[in-house]
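So that you can see what the record holds, here are the features copied from TrEMBL:
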type: SIGNAL; residues: 1-22; note: signal peptide
type: DOMAIN; residues: 70-150; note: domain 'Cadherin'
type: DOMAIN; residues: 151-259; note: domain 'Cadherin'
type: DOMAIN; residues: 260-374; note: domain 'Cadherin'
type: DOMAIN; residues: 375-479; note: domain 'Cadherin'
type: DOMAIN; residues: 479-592; note: domain 'Cadherin'
type: TRANSMEM; residues: 603-624; note: transmembrane segment
type: REGION; residues: 665-699; note: region 'Disordered'
type: COMPBIAS; residues: 668-678; note: compositional bias 'Low complexity'
type: COMPBIAS; residues: 735-745; note: compositional bias 'Low complexity'
type: REGION; residues: 735-757; note: region 'Disordered'
């Protein structure tokens with residue numbers, strides 16, 4: 001009986017019923033004497049549990065989801081129920097009288113999973129709370145209304161080709177917005193819709209794996225796999241979503257190189273130099289990148305000697321090149337094997353090997369026109385010196401490889417023999433001397449000989465010919481340098497004065513061995529001792545010291561040991577000097593003082609004559625320059641007047657045809673001076689003439705100007721007449737005549753009228769008064 005009551009309580013609590021029913025049941029169970037749980041807390045007026053509402057439910061009327069009831073409500077209608085909190089009044093409404101709670105619209109659990117509300121019972125009349133407010137929750141019950149989605153899709157993955165079955169490729173993950181804690185709405189199962197049989201997917205984790213072995217990239221490189229996720233555990237009625245996975249197979253070195261043909265044939269001319277490209281070999285490897293890199297090698301010995309092969313910069317092709325010069329006449333063709341090998345080999349795929357291939361290569365050498373070939377790469381010849389021109393030196397020889405019977409023509413290049421010391425026979429290559437050679441002048445002659453085919457001048461080759469001039473004993477020995485030495489007058493007998501060295505220009509040997517010998521006899525001043533090494537020692541004799549006099553000349557005889565023997569004589573100068581205690585020279589003057597040297601009479605006369613001649617030339621030059629300067633000064637004085645006229649005066653207009661004719665500048669009507677007036681002189685006067693007094697009476701400008709003009713004409717100290725008259729006469733060519741007032745006053749009568757003092761005209765005429773006005777001297 002108690003277990004049934006407990007189940008009833010649980011069922012009532014699960015559906016949200018009030019304590020109005022639960023409390024009597026607990027009380028009834030206690031009165032029957034059945035053991036039950038001891039109630040340790042006070043009895044509450046409200047009994048709460050959660051209310052539930054199914055999401056997405058849409059009915060014609062509001063749906064009743066529960067009921068509130070209080071113990072203080074006696075059914076008299078005095079109790080009013082209030083509801084506040086999330087969605088109160090909009091989503092959820094309550095019947096104030098009965099406490100029934102209804103939901104008014106469809107709810108979405110993914111937007112909001114639960115609502116928290118407050119319930120309170122108050123007095124209807126006074127709104128006085130009958131009990132404290134209590135909180136309760138309304139949960140939205142989930143339904144399967146959201147399909148699975150892949151937020152990271154579509155996916156891209158890479159897996160090596162030839163991978164084993166079960167190799168992990170990628171993991172895909174789907175999300176379901178439904179409640180995972182309620183039912184199977186969010187329980188997902190993954191399946192492969194497209195991509196079988198190559199790939200599979202784990203139903204629970206979504207890991208994509210390879211389903212078959214040895215997938216070959218060279219056959220198919222890319223796969224498109226479609227993965228589906230379905231909720232409700234994959235059962236019927238569940239929602240699903242899908243995504244794509246693009247799987248790319250990465251390359252591995254699982255293919256060996258392969259020559260597309262077994263035989264390669266090439267040709268090359270025999271004149272091709274080392275490094276010339278003969279041909280290109282290309283082995284095929286379907287792999288990519290480093291897995292397709294190859295190395296080439298020549299397997300046979302005869303091919304590796306004449307040719308070499310290397311890989312190009314991309315590591316794919318083999319470049320066959322010439323290794324050493326080829327000769328068609330020696331060998332017409334070469335056959336050898338070439339091997340291509342992968343440079344990077346994966347041990348995991350050795351079973352698919354070997355990773356190399358071999359092909360046969362045949363190279364044909366083609367004949368080409370070749371220049372003549374000399375029998376030697378360089379010729380070394382020798383000829384003795386001093387031989388007569390035409391002496392045989394040696395012979396060189398060249399052959400036409402294409403036609404051995406073809407004639408060859410020989411010549412010496414001029415730049416290699418600028419002195420024309422040798423000649424060569426054009427037909428047989430015999431070299432002879434053209435001049436007599438001197439070994440001491442030049443030991444080696446380096447010639448360049450040109451060999452040309454007679455029927456083809458374009459085919460030519462060169463060779464170096466080195467000719468050595470052999471030595472003969474044709475040079476007498478001589479001193480290594482001029483010797484001028486000294487000896488102290490206090491030197492002991494037998495003292496070494498100088499080591500004398502000799503040299504022989506001939507080649508080392510008996511010809512260059514030199515012996516030296518000095519004067520012989522008991523009375524010689526010096527002794528020469530041969531050192532037998534090409535030198536001799538000059539010593540003092542074993543007798544009293546030599547007097548100090550003019551330098552001693554010691555003759556030395558030199559000879560060599562060549563065939564024939566050659567000899568020469570040289571002189572060594574020795575001065576006897578007075579020396580200081582430390583051995584340095586103090587004086588080398590002779591003891592007998594000679595008379596002082598002086599100039600002869602003839603030399604003095606010659607010097608004096610030269611000095612006198614130089615002095616005469618200087619005086620003549622100065623006199624000529626002075627005379628020339630005086631003549632220039634005279635000319636300048638004579639031309640002063642004309643120069644002034646030329647540059648400073650205005651000419652006589654169109655009638656002035658003579659530049660320096662002074663009369664053309666004068667007024668022909670007034671050029672002759674009035675009777676009784678002195679003639680003009682173009683020189684400075686000795687005394688200035690007296691100024692004419694100003695006529696009494698009132699001043700007249702015309703009379704005053706005429707008076708001053710006459711004074712200027714009569715005064716020799718003023719500028720020349722023509723310089724003044726040029727302003728008074730402008731020539732007869734003008735129809736208006738002269739516009740000057742200077743001449744009009746003179747021509748009108750020449751008699752001055754009464755003049756008025758210029759000082760009375762005011763300050764404006766002060767300058768004119770100072771020039772032309774004459775102040776009368778005060779009366780005595």
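Note that Cβ sites are derived from N, Cα and C of the backbone, with glycine treated the same way.
Across the domain 'Cadherin' (375-479), the prediction's mean pLDDT works out to 90. In terms of DSSP helix, strand and coil, the domain 'Cadherin' (260-374) has 16 helix, 53 strand, 46 coil. When the domain 'Cadherin' (151-259) is classified with DSSP, helix, strand and coil residues number 3 helix, 45 strand, 61 coil.
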